[in-house]
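Asks: Take this structure first; my questions come after.
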Amino acid sequence: MSGDEMIFDPTMSKKKKKKKKPFMLDEEGDAQTEETQPLETKEVEPEPTEDKDVEADEEDSRKKDASDDLDDLNFFNQKKKKKKTKKIFDIDEAEEGVKDLKIENDVQEPAEPEDDLDIMLGNKKKKKKNVKFPDEDEILEKDEALEDEDSKKDDGISFSNQTGPAWAGSERDYTYEELLNRVFNIMREKNPDMVAGEKRKFVMKPPQVVRVGTKKTSFVNFTDICKLLHRQPKHLLAFLLAELGTSGSIDGNNQLVIKGRFQQKQIENVLRRYIKEYVTCHTCRSPDTILQKDTRLYFLQCETCHSRCSVASIKTGFQAVTGKRAQLRAKAN
């Protein structure tokens, strides 16, 4: 059937595809092709063909849509990474695991206890220290050093069978320390009241100071302090007036009236200097002393250690001019 003879049929929507037939030879040797053979056009029923074609198209479109969706999902999943779930550390399970590991290590290597310590401390291996054993010479040197330190410590205890000096009965010469110890021992025997290493305190009544008017000060218990110090009032009065740089006198009530304003602290400081210089012994610091005057010098004699030493004479200090200079010059002339 040629192309000119083909008639357009509007009822036909689609034509079936022609099946290709293989090239066949007839018995006569004439080759027949599909074009030479007369083909009868069969009218296709419209209804069944249209339904089949529509269904086929729908299936193809569904498959394409499904494949497109799968591709989109795969692409989306590649972009999104899954979050790793954090494993919760269980202490009980870890302890059980450590115990199991301990048991296995004990069974396999019972002679190495360091592996157990490594497991307990988070697999941290300790460095092995090389233990050095000291020699006998080092031990002897340490013992001698300890003995020297013990001998240096003075605990007041000494063990000796000797009653006399340490050098007695031997040809060796005595040392300075031995002589010094002998001197202190003799002092303790002669003076049992004295205790070596302790300072004797001199206790005295505080001075009573009263303000008299606006320009004078009264030392109330002056005579009582003179009796406690075993000193003459004239000597103490001269020292007080010289140190304070003023003038004063003793009234009828045996009170020292000093010209000027003075506080109790100032008089206490003056009395402390007087006691240190003219009362206490310069050798043993004992207050049991006697002040004697020989020719023009004063001597301090101790009744405890029987020492005798000279003391400085009282000198008047600087005195400021308080009155009018014209009146002083007139009196002098």
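Including glycine, each Cβ sits where the backbone N, Cα and C put it.
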Asks: Among Ser160, Ser218, Ser247, find the residue to which Swiss-Prot assigns the annotation phosphoserine.
Replies: Ser218
Asks: Which stretch does Swiss-Prot mark as zinc finger, out of 181-205, 281-305, 306-330?
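Replies: Zinc finger, as annotated by Swiss-Prot, spans 281-305.
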Asks: Just to confirm what the record says: which one of Ser13, Ser61 has phosphoserine annotated in Swiss-Prot?
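Replies: Checked Swiss-Prot: the phosphoserine annotation sits on Ser13.
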Asks: Which of the listed positions, Ser67, Ser249, does Swiss-Prot note as phosphoserine?
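Replies: Of the listed residues, Swiss-Prot records phosphoserine for Ser67.
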Asks: Provide, as an integer number of angstrom, the distance between the C-alpha atoms of Lys293 (N6-acetyllysine) and Lys265 (N6-acetyllysine).
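Replies: Rounded to the nearest whole number, the Cα-Cα distance is 30 Å.
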Asks: Taking the Cα atoms as reference points, how far is Lys265 (N6-acetyllysine) from Ser218 (phosphoserine) in Å?
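Replies: That separation, Cα to Cα, works out to 14 Å.
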Asks: Around the C-beta of Lys293 (N6-acetyllysine), how many further C-beta atoms are within 10 angstroms, looking at every protein chain?
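Replies: Around the Cβ of Lys293 (N6-acetyllysine), 10 other Cβ atoms lie within 10 Å.
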Asks: Check each residue in the chain of Ser218 (phosphoserine) that is at least six apart in sequence and keep those whose C-beta is under 8 Å from its C-beta; list them in sequence order.
Replies: Val209, Val210, Arg211, Val212, Gln255, Leu256, Val257, Ile258
Asks: Of the residues in the zinc finger (281-305), how many are helix, strand and coil by DSSP?
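Replies: Counts, helix then strand then coil: 0 helix, 12 strand, 13 coil.
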